[in-house]
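Noted in Swiss-Prot for the protein shown:
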{"type": "BINDING", "residues": "52-53, Gln130, 176-178, Glu196, Arg201, 242-243, 263-267, 273-274, Tyr322, Gly492", "note": "NAD(+) binding site"}
{"type": "ACT_SITE", "residues": "Cys410", "note": "active site"}
Amino acid sequence: MDKRHDPSRRIIAPHGSQLSCKSWLTEAPMRMLMNNLHPDVAERPEDLVVYGGIGRAARDWDCYDKIIEVLKRLEDDETLMVQSGKPVGVFRTHADAPRVLIANSNLVPHWANWEHFNELDKQGLAMYGQMTAGSWIYIGTQGIVQGTYETFVAVAKQHFGGVAAGKWILTGGLGGMGGAQTLAGTMAGFSVLACEVDETRIDFRLRTRYVDKKATSLDEALAMINDANASGKPVSVGLLANAADIFAELVKRGITPDVVTDQTSAHDPLNGYLPQGWTMAQAADMRKTDEAAVVKAAKASMAVQVQAMLDLQAAGAATLDYGNNIRQMAFETGVKNAFDFPGFVPAYIRPLFCEGIGPFRWVALSGDPEDIYKTDAKVKELIPDNPHLHNWLDMARERIAFQGLPARICWVGLKDRARLAQAFNEMVKNGELSAPIVIGRDHLDSGSVASPNRETESMMDGSDAVSDWPLLNALLNTASGATWVSLHHGGGVGMGFSQHSGVVIVCDGTEAAAKRVGRVLWNDPATGVMRHADAGYEIAKNCAKEQGLDLPMLKD
């Protein structure tokens, strides 16, 4: 019997202002853990899988139940320790210490590979936390929509003079992360053709308004794209097909998309990528009997897909890796020029990271969408001179369906995060909001991750693989008074390829919270500016000087 599987479970976080725990500092992590497993949020909630292949919220259902039990009794001077999804200890700390400290999927570097991790996972000794799955701050596909939107806007500026109309994107994957591509692409003005092997995922994205149409053949999908481009109104199409098959077929037909990328779960060849010619059922059976054969076949198909991406790039498509490590998998399978197309961070996002700008997100613990709409208005009020941000907030309200507890994401940086958070805290204090707000972020942020094939690819000083930075980030956020802090390994790109940290803080309207959010939400993005200034980026150096950061080795 698999203790991780229970189809009878249907988890819905409490709404409203009534507490189940002893304070909002423990109620918040409880609600957010539960929200990660909401049926409209998680990919496979019955298996505790939130997104990203096997990214889980808790190690098994016994651990989940115990975490909830402990959070309900936890005092405001105690800290719960969670080791790979398992609650292992409660310790007396102090009121400004985190209520929960989480470490997920971390392995000593020599053993940091999927083979060793999968053995531990089978024995119930480890859990893959992805990024926000095991750190309890996943907000559904919205969590990556704006970052994807910002990337596609940058693609349009760099390659098409800022005009995406009449252009289309080819991609793969409509899971929890990949599902953002279709909506983000149409928001940026592109049409999008996304290949997905799991029809339930296409249907899920249709239901949550992330995909406009479904197709079952390439010809049908291309007709939809062509009609949309002719009409000038972008469309997103979920095509039920294997990405490797479709990418290669387009090369064969001589059809070149304007933009090519991919967001299948290629980071996990065992659980995340369906080999060409295989059915979902066949893959599920083979995972039980011959894991090595599954991995070999998956990586062979990834090689086909990446070769097609290279061929499409040579034919004129703007081609980018969207952070799932598919280039690495293809490289290991013989595609020696797999890295000839860039990752999205060095190509389009790094200047934002240099100013500590990244995926700032918040959630209304009340469950009331009005609380989010009021905070949207507050963001516009406090940042009046950023029409791009205002446009994003307007589009988000109009086009993004909330999944689980209402939430919002917008990319802001060092200059704005702390003051926005303090304004939200004041709104809770004066009753404008009906319950506290939690503020967090993706681990994909400027100072919280070391990932040489994604966020820290091609650092100008060669420090791509130095992982001191996310460790320092987690330590500083703990010292600063975050409500919960997490330190993970392997998110986004898989075992052995990343280390990263997460932070969440509660705005409960108290003076103590105002002080904590002021520290945490200044220090957290400041570590990103510090990291990039240390690597030599002038934008980061200038930002550090403008904001008065004390960086001892930064020369005047």
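Keep in mind that glycine also has a Cβ here, set from the backbone N, Cα and C atoms.
Nearest in space to Cys410 (active site), taking C-alpha to C-alpha distance over the binding-site residues Gly52, Glu196, Tyr273, is Gly52. Comparing the binding-site residues Gly52, Gly176, Gly492 on other C-beta atoms within 10 angstroms of each C-beta gives the minimum for Gly492. By the criterion of other Cβ atoms within 10 Å of the residue's own Cβ, the least surrounded of the recorded positions Ala243, Cys410 is Cys410. In this structure, Gly176 (NAD(+) binding site) belongs to neither helix nor strand by DSSP; it is coil. Taken residue by residue with DSSP, Tyr273 (NAD(+) binding site) is part of neither helix nor strand, so it is coil. Of all Cβ atoms in the shown protein chains, 28 besides its own fall within 10 Å of the Cβ of Ser265 (NAD(+) binding site). According to DSSP, Ala243 (NAD(+) binding site) is assigned to a helical segment.
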